[in-house]
Amino acid sequence: MSDSAYQNHLSILRKRFDQALLETDFDGVILASGRLTYYFGDDHSHPFHPYAMAQQWAPFDLMPDVFIHIQRGETPRLLWPAKQDFWHVVYPIPEGGWCDQWRVEPVSSLQEWLPQISGKTAWIGPEYNEAPGLNPNLSVNPEALLHRLNYQRAYKTEFEIDCLWRANQAGAAGHKAAQAAFLTGKSECDVYRDFLAASGQLSNQEPYPGIVALNENAAVLHYEKKNPLKPDAMRTLLIDAGAAYGGYASDITRTYTAGSGLFAELIERVNTLQLSIAAQAVHGKAFSELHQATLAGVANILHETRICSLSVEAQLDKRIPQVFFPHGLGHLLGLQVHDVGGHQQDKTGTLRKPDESAPFLRLTRTLEKDMVITIEPGLYFIPMLLDNMVKNIAGHGCDLDLIETLKPYGGIRIEDNVVVQEGRSRNLTREAFSALLA
């Protein structure tokens, strides 16, 4: 990645933060990466994930107890922990051209630098109980400033999009290995191990815990287990797993089947629908409209495969598609898998919640250039939702005998990471899979 892309990224961040500080009457802001936290009653720490707002400024993964101080109109400061420790790894300050744009200072404690900061200052990130007592001018996590910064996070810089592309490359490599493992009959646990190895990461480095679901388990949307035992039959693999690069996440889902027949046809139809919706994710399009188009697309699949005899319009009226596709179409993607600001309509924090027909939709904004989103339609055979349909929706028109034959397959989800552009979209995930074949 070029130094110029990072320098441009840093310049954009400085302008955004300077403007937000001016509008909220702050002189500066301190961003905290966070500190290690521990399991209750234990000296064993949780896996560390730096606070995203701090990570956004750095071209490398942040460690605990790193602070970034931005003073309006001045060169940003990176305060790096200078520890003497023979129990743990002591991380040196990373080298490179990035530091030409910074004041880099090794520090041993908050007491060493926090009392010297003057002016009205915001503290954003995990709270340090001792911090307010060291500087009376601190305001901890002020909402007005957070609203402005969270809203801007949706618009990705060239540097950020490149990080997301690299995360997709790693994730796609893992998915190809997972597919091969499934086709050779491996267990969920072994499929997961192959994914991690091919994507070049450990489980604690994943941007989110990977989902590896065989057969009926694919009907559990966030299936947490990874069974070490092989099932009697290998019908379906649904894998929802990503990778990270520079703190930026890929979020990729694929569904595979070992055979042919109706379920294989359903996978192809969902894939076609997914590509169509992803291509429509362009500047000026309301994301809620894309979700409604996806519901209509699911209804069409149900009708054409004779799973439901009702017309598309009748299905939508009775909310049949939501039985088979109960989650939202997608979300903002970036430093967090479910990136911030999805319901936020402006910089002051005005929210637009999803309507009752799509209660789980994580993104209600109109799409704009340089947003990065996921597009993830699904079609599942979830016993609880199907039972509710039979009990509560008269004249549902669904072929319950046919559905019984599909329940052992669990379900389908196909998910890509898409950059919104003017007049077209860029599908990072499809590009990454294509690059593996080049």
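Quick reminder: no glycine exception, Cβ is built from N, Cα and C everywhere.
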Residue in GLU289, GLU368, GLU376 which Swiss-Prot records at the Mn(2+) 1 site where ASP251, HIS331, GLU415 also bind:
GLU376
Take the Cβ of ASP251 (Mn(2+) 2 binding site) and count every other Cβ within 10 Å, whichever protein chain it belongs to.
27
Non-site residues, in chain order, whose CB comes within 8 A of the mean position of the CB atoms of ASP251, HIS331, GLU376, GLU415 at Mn(2+) 1:
ASP240, ILE252, THR253, GLY330, LEU333, VAL337, ILE373, THR374, ILE375, ASP416, ASN417
Around the Cβ of HIS331 (Mn(2+) 1 binding site), how many other Cβ atoms lie within 10 Å? Please give the count over every shown protein chain.
19
State the count of C-beta atoms found within 10 angstroms of the C-beta of GLU376 (Mn(2+) 1 binding site), not counting that atom itself.
24
Apart from ASP240, ASP251, GLU415, which residues in this chain have a Cβ no more than 8 Å from the mean position of the Cβ atoms of those residues at the Mn(2+) 2 site?
ALA241, GLY242, ILE252, THR253, THR374, GLU376, ARG413
Cα-Cα separation of ASP240 (Mn(2+) 2 binding site) and GLU376 (Mn(2+) 1 binding site), in Å?
10
Other CB atoms within 10 A, centred on GLU415 (Mn(2+) 2 binding site):
23
